[in-house]
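Engineer: Sharing a structure with you now.
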Amino acid sequence: MRLRNLTWSSTYRVNVRMVDRLRVDRVFLAGDAAHVHPIAGGLGMNSGIQDAYNLGWKLGLVLGGKATPGLLDTYDEERLPIASWTLDITSEVLDAVLAAIKESGGGVDAAASRELTQLQLGYPWSRLSRNAASRSSGPQPGDRAPDAPCRDPFTGTPKRLFDLFRGPHFTLLGLGERCAAALNDLKTDIVKPYLIGPGGLIDYAGHVAHAYGQDAQIIIRPDGYIGLIADADDASAVADYLRSL
């Protein structure tokens, strides 16, 4: 390929750098202000959006008097390891692309991987990820909460779990009728509870059960990650989690 009549050009130099901390007192860093890395799959834009969303819902709760200022410490706790991972994976992708384009049939596709979707990222190490359940299978605290279809019990209207999660609130899923009593006492202005099963949303094809299992209470954070998994009748574990914010 030959380029002609250029009006401007420059040299792109790869930078791989990040800050040591995302928060100093009342100052928070996010996106490119906190981490720069090779161009690869839009991960820089994605990471910046994730930083902002992670911090945004926490700031909203603290400024609204719904959570303690200590909640803001989890921004650095959760996002700094993701920034480090982003630097590593984008450097690997860049190396793979540079190697692939030297080969016949190589290129960006040769370096594509599941990691570029970032759907596998989570916060299992976070203090906001807690397991109070006796079960060990299925999604775990800190994992990205999966989607699944269900139906309104009165109208039969199709719904999706992602639609229930959307917004600045926590979502409490009660998986099975054993959760009904516990859910009745936990509706607040920051938590929206939903029963999946008799008397609640209909898991008509078993997709919710396949994604989450049964007989458990699951708190979904405003950013779509699982915060708590508790046994079906353990209302105290859910209340303790919410009080600790």
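Just so it is clear, glycine is given a Cβ too, placed from its N, Cα and C backbone atoms.
Got these off TrEMBL a minute ago, pasting:
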DOMAIN    6-87  domain 'FAD-binding'
REGION    130-152  region 'Disordered'
Engineer: If you average per-residue pLDDT over the domain 'FAD-binding' (6-87), what number do you get?
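Structural biologist: Mean model confidence (pLDDT) across the domain 'FAD-binding' (6-87) is 91.
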Engineer: Excluding the flanking five residues on each side, which residues at least 6 beyond the ends of the region 'Disordered' (130-152) place their CB within less than 8 Å of a CB in that stretch?
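Structural biologist: Residues 119-124, 158-162, 165, 196, 201-205, 207-208, 210-213, 215-216, 218, 220, 224-231, 234, 237, 241 contact the region 'Disordered' (130-152) from elsewhere in the chain.
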Engineer: Quick check on the region 'Disordered' (130-152): DSSP residue counts for helix, strand, coil, in that order please.
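Structural biologist: Taking the region 'Disordered' (130-152) as a whole: 0 helix, 7 strand, 16 coil.
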